[in-house]
Structures are given as C-alpha cells and as structure tokens.
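Student: Copying in the features that Swiss-Prot gives for the protein in this structure:
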- 1-21: signal peptide (SIGNAL)
- 22-110: domain 'Ig-like' (DOMAIN)
- Asn38: N-linked glycosylation site (CARBOHYD)
- Cys43-Cys107: disulfide bond (DISULFID)
- Asn44: N-linked glycosylation site (CARBOHYD)
Amino acid sequence: MKRILGALLGLLSAQVCCVRGIQVEQSPPDLILQEGANSTLRCNFSDSVNNLQWFHQNPWGQLINLFYIPSGTKQNGRLSATTVATERYSLLYISSSQTTDSGVYFCAVE
C-alpha cells in the first residue's frame with residue numbers, strides 16, 4: 001500500500017474477486033492524488049447483483065462501510081456513489097480529497 005508523503009494522498013483500489021461465479025473488478029488499480037483533487041473509482045461486475053456496497057479500509061486497518069447502494073445515487077459529505085445495475089457497474093466519487101481518505105477502497109457484491 002502507498003504511504004502518505006507530505007500533501008500526497010495514496011489510494012489503493014485494485015481488487016479482483018469472484019464470488020458465486022460473479023467476477024468483480026475495480027479500476028484504476030492504483031491511484032495517487034494531490035490533497036484537494038477529485039477522483040473516481042469504478043467497480044464492474046459480470047452478472048446482475050442484489051446488493052452492492054463500497055468499503056474503505058484506512059491505514060490503521062479499520063473497515064468502514066461507505067455506501068449500501070444496489071442502484072441509484074447516494075451522497076455522504078465529499079463522497080458519493082452511483083450504481084447502474086442494468087449496465088453492471090458502480091462508481092465511487094471522492095471530491096476534495098484529504099489525507100484522511102488514504103487507504104484501500106473496494107466494492108462488494110451479493
């Protein structure tokens with residue numbers, strides 16, 4: 001995992017998984033941002049799903065559930081997520097990134 005250096009913010013988002021025959025892939029695999037920058041993470045899934053969640057694991061190992069979003073758009077402060085179930089993808093948007101955003105981000109489907 002990338003470490004915070006000065007005003008740089010390291011995000012690691014590479015996750016490829018297969019659950020019950022559903023392949024899940026995130027992009028980009030690695031992302032380094034300047035503090036204050038915006039970014040988008042994408043989660044593609046190979047089959048229709050009932051549930052989709054976005055998680056953040058901070059550098060101290062704490063796992064945080066960001067969004068439960070099987071479809072539509074939700075926002076929570078500087079973070080928002082959109083899931084388009086019919087096209088089998090979800091997006092996580094981080095606006096005005098801060099050093100506290102550093103960590104591992106991943107989506108989980110069911």
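Glycine is treated like the rest: Cβ placed from N, Cα and C.
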Student: Counting across all protein chains present, how many other Cβ atoms fall within 10 Å of the Cβ of Cys107 (disulfide bond)?
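Tutor: Taking every protein chain into account, the count is 29.
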Student: Looking only at the domain 'Ig-like' (22-110), what are its DSSP counts of helix, strand and coil residues?
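Tutor: Its residues fall into 6 helix, 54 strand, 29 coil.
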Student: Grab the pLDDT values for the domain 'Ig-like' (22-110) and give me their mean, rounded.
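Tutor: Overall, the domain 'Ig-like' (22-110) comes to a mean pLDDT of 91.
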Student: What's the CA to CA span in angstrom from Cys107 (disulfide bond) over to Asn38 (N-linked glycosylation site)?
Tutor: 19
Student: Taking only the Cα atoms, work out how far Asn38 (N-linked glycosylation site) lies from Asn44 (N-linked glycosylation site), in Å, as a whole number.
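Tutor: Answer for this pair: 20 Å between alpha carbons.
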Student: List every residue in the same chain as Cys43 (disulfide bond), at least 6 positions away in sequence, whose Cβ is under 8 Å from its Cβ.
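Tutor: In sequence order, the residues whose Cβ lies under 8 Å from that of Cys43 (disulfide bond) (at least 6 apart) are Val24, Glu25, Gln26, Leu52, Trp54, Tyr89, Ser90, Leu91, Leu92, Phe106, Cys107, Val109.
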Student: Using Cβ atoms only, which residues of the same chain lie under 8 Å from Asn44 (N-linked glycosylation site) while being at least 6 residues apart in sequence?
Tutor: Val24, Glu25, Gln26, Ser27, Arg88, Tyr89
Student: Measure from the Cβ of Asn38 (N-linked glycosylation site) and count the other Cβ atoms within 10 Å, all protein chains considered.
Tutor: 11
